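Okay, structure first, notes after.
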Amino acid sequence: MNYFPIFANLAGRPVLVVGGGAVAARKISLLLKAGAEVRVAAKHLNAELSALAAENKILWLAEEFRAEHIRTVFLIIAASSDQALNRRVFHLAESCQKPVNVVDDRDHCSFIFPSVIDRNPVQIAVSSSGSAPVLARLLRERLEALLPPSLGDMAEISGRWRDAVKGKLKSVTERRRFWEKQFNGRFAALVKNRQNTLAERELAGQLEQSRQNDQGGSVSLVGAGPGDAGLLTLKGLQEIQQADVVLYDALVSDGILSLVRRDAERIFVGKRARGGRTPQEDTNALMVRLAREGRRVVRLKGGDPFVFGRGGEELETLARHQIPFSVVPGITAAVGATAYAGIPLTHRDYAQSAVFVTGHRKADAPDIEWQTLARSRQTLVIYMGALKAALIAERLQQHGRSPDTPAAVISQGTLPAQKTATGTLANLAELAETAPNPALIVIGEVVGLHEKLAWFGENAKKESNPAEHAYFALDGLGTGQEQQAA
């Protein structure tokens with residue numbers, strides 16, 4: 001974090017602006033909106049600022065900047081056309097430990113101005129830390145289009161009702177759930193349609209009913225996808241933003257975790273084939289206990305919870321204890337990682353089916369049907385199989401799969417560190433030996449297309465259209481690699 005985001009209350013506070021031209025006028029306009037007492041140090045003012053001075057909306061000092069000007073002000077903005085003067089202002093302000101901004105000179109600023117979406121009292125600031133102002137402006141434009149003009153009205157009405165809600169609903173959790181329901185329900189729709197009187201009646205009715213409603217806990221099983229935060233579903237994002245507590249495993253990426261509601265408790269219940277693990281029974285018991293405490297629990301799992309994620313086992317436990325639950329599917333690793341590696345799971349010329357199998361089974365599980373897995377013209381994807389790659393290759397060859405069958409090991413799928421090692425079934429063990437976990441094994445003729453179709457990360461064979469990726473990032477407002485590249 002290059003800059004700490006903070007909103008300052010400038011109402012009635014003295015702010016010094018050095019300069020009397022168009023640049024200074026733009027900053028002064030914003031300061032006046034915030035209620036600041038603006039003082040302008042300049043020998044001459046342009047027409048716009050002269051009019052403001054004549055109306056006593058700003059205090060014109062009518063002289064060049066002097067060091068004494070900064071002593072009694074809250075913050076300083078240097079916006080003159082004289083670069084040397086601006087930098088002098090900066091150094092003097094720094095010596096007095098006063099916040100100072102030199103317009104268009106990031107190296108001489110103790111604070112910077114973000115792009116702002118104003119839905120007063122709702123304000124959203126967007127900043128690139130001064131690195132890419134145009135990108136920040138484009139993001140602001142996208143957000144402006146997404147956010148309804150009625151957002152400010154919604155905030156104002158909510159502010160008027162805040163004390164009443166606090167008096168009726170005693171716990172923080174109850175109040176948070178109440179407001180989440182209103183902002184996603186009929187109240188919000190009425191405000192959007194400018195029916196504010198009806199909206200307040202709706203709010204009153206909902207508040208009256210709120211204490212009668214069952215506020216018991218629940219569990220939502222959410223698939224986090226293969227890693228890239230941009231692949232998290234909208235429903236999944238909503239769930240982790242509304243959770244009281246999130247139980248997550250080792251396959252959930254940092255990018256996904258950064259989207260979890262900040263006040264939510266996070267509990268790691270991870271497991272990996274090579275390392276320690278949280279017993280599944282302990283995780284099941286924890287979900288039940290937290291839900292019975294009345295908390296909204298999200299069980300966040302890498303990939304899809306019903307594809308080798310033990311999601312079914314966890315839901316059986318919840319059903320047995322009569323805990324309300326829901327499921328949000330996610331993009332499973334076999335789909336996400338192969339797509340990012342440029343390996344289509346099916347192809348009319350090479351594979352008419354795709355089979356997913358796990359290399360990590362229960363001790364008493366029946367043996368795998370190797371004859372079925374060794375069939376040609378199908379794509380075989382093996383989860384958690386890196387430790388058993390030699391055995392897998394041996395058994396498939398014993399049951400008729402050619403040692404020349406293309407094979408790949410994809411590590412850190414869909415993440416910036418993704419690596420795709422390709423070879424054949426004959427050297428699969430060597431490919432897997434050096435692959436960092438989590439790794440996915442892909443076997444089949446479609447792997448041969450990787451060389452031609454790879455588009456992401458270090459294995460990409462050709463340049464993508466940067467403009468397309470930038471547009472996709474801004475259009476989706478995602479947090480995946482496309483946005484990082486932009």
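First residue shown is number 1, and so on along the chain.
Here the Cβ of each residue, glycine as well, is placed from N, Cα and C on the backbone.
Database features, via Swiss-Prot:
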ACT_SITE  D249  active site, proton acceptor
BINDING   A22, V23, K43, H44  NAD(+) binding site
BINDING   P226, G302, G303, D304, V307, T332, A333, M384, G413  S-adenosyl-L-methionine binding site
MOD_RES   S128  phosphoserine
REGION    1-203  region 'Precorrin-2 dehydrogenase /sirohydrochlorin ferrochelatase'
REGION    217-486  region 'Uroporphyrinogen-III C-methyltransferase'
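Positions of Swiss-Prot features highlighted on the structure.
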residue: V23; record: NAD(+) binding site; contacts (Cβ under 8 Å, 6+ apart): A79, S81, V103, D104
residue: K43; record: NAD(+) binding site; contacts (Cβ under 8 Å, 6+ apart): G20, A62, E63, E64
residue: H44; record: NAD(+) binding site; contacts (Cβ under 8 Å, 6+ apart): G20
residue: S128; record: phosphoserine; contacts (Cβ under 8 Å, 6+ apart): L135, A136
residue: P226; record: S-adenosyl-L-methionine binding site; contacts (Cβ under 8 Å, 6+ apart): G302, G303, I331, T332, A333, V335, G336, A337, G413, T414
residue: V307; record: S-adenosyl-L-methionine binding site; contacts (Cβ under 8 Å, 6+ apart): T332, A334, F356, Y383
* **Which of A22, A333, G413, the listed binding-site residues, has fewest other Cβ atoms within 10 Å** => A22
* Rounded to whole angstrom, what's the largest C-alpha distance between any two of A22, V23, K43, H44, listed as binding NAD(+)? => 15
* Given the S-adenosyl-L-methionine binding site residues P226, G302, G303, D304, V307, T332, A333, M384, G413 in the record, what is the largest Cα to Cα distance, rounded to whole Å? -> 16
* To do: Summarise the model confidence on the region 'Uroporphyrinogen-III C-methyltransferase' (217-486) as a single mean pLDDT, whole number.
  => 87
* Where does K43 (NAD(+) binding site) sit in DSSP terms: helix, strand, or coil? -> coil
* Structure fact -> the residue listed as 'active site, proton acceptor' sits from A22 (NAD(+) binding site) (Cα to Cα, rounded, in Å) at a distance of 54
* Given the recorded positions D249, G303, which one is most crowded in terms of C-beta atoms within 10 angstroms? -> G303
